[in-house]
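Over in TrEMBL, the protein carries these features:
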type     : residues : note
TRANSMEM : 6-28     : transmembrane segment
TRANSMEM : 40-60    : transmembrane segment
TRANSMEM : 90-111   : transmembrane segment
TRANSMEM : 123-148  : transmembrane segment
TRANSMEM : 207-240  : transmembrane segment
COILED   : 256-310  : coiled coil
TRANSMEM : 332-354  : transmembrane segment
TRANSMEM : 374-402  : transmembrane segment
TRANSMEM : 422-447  : transmembrane segment
TRANSMEM : 475-494  : transmembrane segment
Amino acid sequence: MGDFNLALVIVAIVVCVIVFISSVYLLVNYQHPDDANQAYFPKFVVVFGLSIAMISILMLPADVANRHACRHAIYNGACNLTLPMKDLWLAVYIVDAILVFFVIPFAMFFYEGDQEKTMGKRIKSALLWVVSTAVVCALVLGILYGVIGKVDFSVRHLASGTTSFPTSWQFSNNQPCIGNTARQCSAFTASVASEKTWTMRTTFPEYVVALATIVGSVLFTIFGGVGIACLPLGLITAFIRRPKAVITRSQYIKEATELGKKARELKKAADGLRQEEKGGAKGRAWRKNVKAVEKELLQLEEDVNLLEEAYPQGEKAETAWAFTVLGYLAKFILGIIGLIVSIAWVAHIIIYLLVDPPLSPFLNEVFIKLDDVWGLLGTAAFAFFCFYLLLAVIAGAMMLGLKLVFITIHPMKWGATLMNSFLFNVGLILLCSISVIQFCATAFGYYAQATAAQEIFGHTLQSLRGIKYLYKYNVFQIGFVILAGFTFLYYIAFGWRRKKPSARFQLSS
């Protein structure tokens with residue numbers, strides 16, 4: 001057992017190093033050229049935040065492996081020699097909450113501050129916003145913790161008589177208990193009046209994690225429910241709408257002229273908004289117009305990419321077209337795989353969570369059988385399903401950001417992502433990662449049983465006063481499935497069609 005624990009510690013250290021390297025890789029390759037060799041503090045926050053998010057997702061499989069470390073021990077204290085997962089969970093999620101509600105907002109305010117101001121004034125302005133937020137959050141948390149920061153466990157008082165020690169043991173379905181006359185155990189025959197509520201105050205770190213989970217669960221239900229459908233279907237519809245052949249030069253000139261005209265209109269609109277900003281006219285109408293221009297700019301960039309794909313130029317034009325075809329084929333294959341995973345997720349939620357009692361363990365049983373084939377195979381599949389939910393959240397946020405005016409869009413583009421967009425998406429991932437872990441700990445409760453995550457996110461969270469009813473009646477799971485169904489129907493009805501808004505570039509047939 002000691003060797004297994006040592007191996008688990010070594011694996012955990014190696015994974016942390018790989019996660020850090022991956023975060024740096026994402027930052028270097030996604031950052032905008034304008035942010036090169038500057039904005040070092042936001043970059044540090046991005047790398048640290050991405051690392052925490054990925055580590056938090058991987059901690060649930062590690063928690064399961066840690067539970068296996070003392071599974072075959074012959075003495076009760078063996079599990080005390082394993083990793084202190086409960087302390088690690090609380091530490092990671094307290095850091096997560098601090099990043100989401102304090103550090104990332106400070107970094108965004110600092111990055112988006114007026115560049116003409118001195119460094120000291122930008123720091124002061126960002127601190128004022130963050131300190132104000134911190135005071136409000138501290139007051140709200142303190143009041144809520146003092147008033148309703150308790151957990152209510154439903155317990156049943158059981159009493160039983162005594163009997164002589166038997167010389168032989170005879171148990172069956174008709175007689176599950178000791179004794180010749182007793183046909184049912186006291187636990188089965190106890191009256192309803194024996195059920196009582198046992199109340200105790202939760203710890204403050206657990207309460208902070210619980211409230212952060214609620215906030216994240218609302219976003220996760222909306223973005224995740226939409227994203228679980230639009231992530232694979234978006235890839236498949238991209239394949240359906242792909243350019244079927246290279247366009248002619250005359251078509252290219254015509255489309256490029258239209259795009260140039262649209263670009264000049266957007267530049268004129270952006271200049272007008274900049275003048276209004278300098279004049280202090282930053283009201284609701286100004287913000288609405290800024291978001292509209294941002295969306296038009298994103299659509300213009302997408303149209304430019306489509307035009308470049310449909311008319312590759314240069315000496316390696318044929319090679320570029322071949323890679324374009326292969327890219328769309330890869331999207332189709334990944335879309336089919338993602339659709340299978342999405343259907344499996346929705347089916348598992350319905351079969352295992354919404355039906356009481358569950359019809360089948362479903363994916364829980366699949367993971368267990370994969371573990372029997374190879375020790376880490378089930379754990380790897382488990383981690384993949386958790387990561388897939390995070391990808392669905394990002395896809396859902398992007399789709400709703402393009403459709404709804406009141407949602408700010410922060411696209412992630414290879415080699416063209418500004419730090420404020422990076423920080424926003426990292427904050428979204430961190431906030432939703434708590435809910436993803438809680439969701440996975442509940443959805444895969446049979447596979448992840450007796451883990452520290454289940455103790456925090458299962459027993460405590462689902463018994464917390466004022467919050468437990470959201471989990472008792474499966475509010476988030478039902479909302480997730482409904483939004484996934486509506487998004488699927490939307491794609492079936494409209495998603496396969498070629499979009500034809502007036503301001504968008506369309507490939508000539």
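Numbers here mean position along the shown chain, with the first residue as 1.
Each residue, glycine too, has its Cβ placed from N, Cα and C.
What TrEMBL says about a protein is an automatic prediction, not a curated fact.
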Inquiry  = Any contact between the transmembrane segment (40-60) and the transmembrane segment (123-148)? By contact I mean 3+ C-beta pairs closer than 8 Å, pairs at least 6 apart along the chain.
reply    = no
Averaged over the coiled coil (256-310), the pLDDT of the predicted model comes to 80
Given 123-148, 207-240, 374-402, 422-447, 475-494, the one sharing the most C-beta pairs under 8 Å with the transmembrane segment (332-354) is 207-240
Ranking 123-148, 374-402, 422-447, 475-494 by Cβ pairs under 8 Å to the transmembrane segment (207-240) puts first 374-402
